[in-house]
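See structure below.
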Amino acid sequence: MIGDITEAKECRRKDPMDLFRSGQVVKICAPMVRYSKLAFRTLVRKYSCDLCYTPMIVAADFVRSAKARDSEFTTNKGDHPLIVQFAAKEAQVLCDAARIVCPFADGIDLNCGCPQRWAMAEGYGACLINKPELVKDMVRHVRNQIDNPKFSVSIKIRIHEDLKRTVDLCQKAEAAGVSWITVHGRSIEERHQPVHYDAIKTIKQSMSIPVVANGDIKTLKDAENVHQLTEADGIMVARGLLANPAMFAGYEETPFKCIQDWVDIALEHGTPFTCFHHHLMYMMERITSKQEKKVFNVLSSTSAVLDYLNDHYGV
């Protein structure tokens, strides 16, 4: 489960809240299914990312199955500060999962924003924004059962059509002791519609804890604009970082050094080929021609990819 447990434990004495107290906008890598794993987190941390989330993990499976723990959660001593995101609908299950990761991570996050049908059908994800008392209960339980006061408990939400309901949810979570709230500025139904940054600002103005803005942030300039628009304390990015893991360091597009770093890190971590290749497709999307993509995207082995990068880019 854990790359060198003792080292991970000794080095994990960071308080993620210190980032928010610094006065700087906190730059955050979003939880991304299949993608925000240890190797990718290692890469973005090299390029000015302050805080990383694991992909969403179903807490009940994680608690029940050692196999799930081994496959879903890997970390090491450099992987901090780290937030483990869980899908949960029962307070005690979330507490049990939090207790397992507490020695190796810096906080947990409750997913209240995933709009996928399977998650909603199971009672996970975005359907929780309509259950403020349950969210409050889950936050309070983790707060009460985890001894380490520096261990953060956060939530990631979507917004309601009626924003008063979202503000109510956030205030209930704050009263229960939530550390910060990440707001994806779209409703459950909205997918590619413009993000409601004004809604994030309204939520921020009604809270006294940090608020993180999320949605459609592709460049460092976008991040700065969204900070101005929302007054958010942090900016969380998903696809923007997939396309350019060096985004937070101010690069407009993925520099070749970053591609080289990804190759080195992925090989060192034994990243499965499909994941290794997909990340490169995302990173090279903006810097390759249609013709090049046709060739690169159908390569089927690590050695073929390495040869291609060497021949075309000297990587």
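Cβ atoms here come from the backbone N, Cα and C positions, even for glycine.
Non-local neighbourhood of CYS114 (active site, proton donor): MET56, ALA87, MET120, TYR124, GLY125, ALA126, each in the same chain, at least six residues away, with C-beta under 8 Å from its C-beta. According to TrEMBL, the active site, proton donor annotation covers CYS114.
In sequence order, PRO55, MET56 are the residues of the chain that are 6 or more apart from VAL33 (FMN binding site) and have a CB within less than 8 Å of its CB. Residues or ranges marked as FMN binding site by TrEMBL: PRO31, MET32, VAL33, GLN85, HIS184, ALA238, ARG239.
Confidence annotation: the domain 'DUS-like FMN-binding' (29-292) carries a mean pLDDT of 97 in the model. Summarising the annotation, TrEMBL assigns domain 'DUS-like FMN-binding' to 29-292.
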Roughly how wide, in whole Å, is the group PRO31, MET32, VAL33, GLN85, HIS184, ALA238, ARG239 that binds FMN, by largest Cα to Cα distance?
17
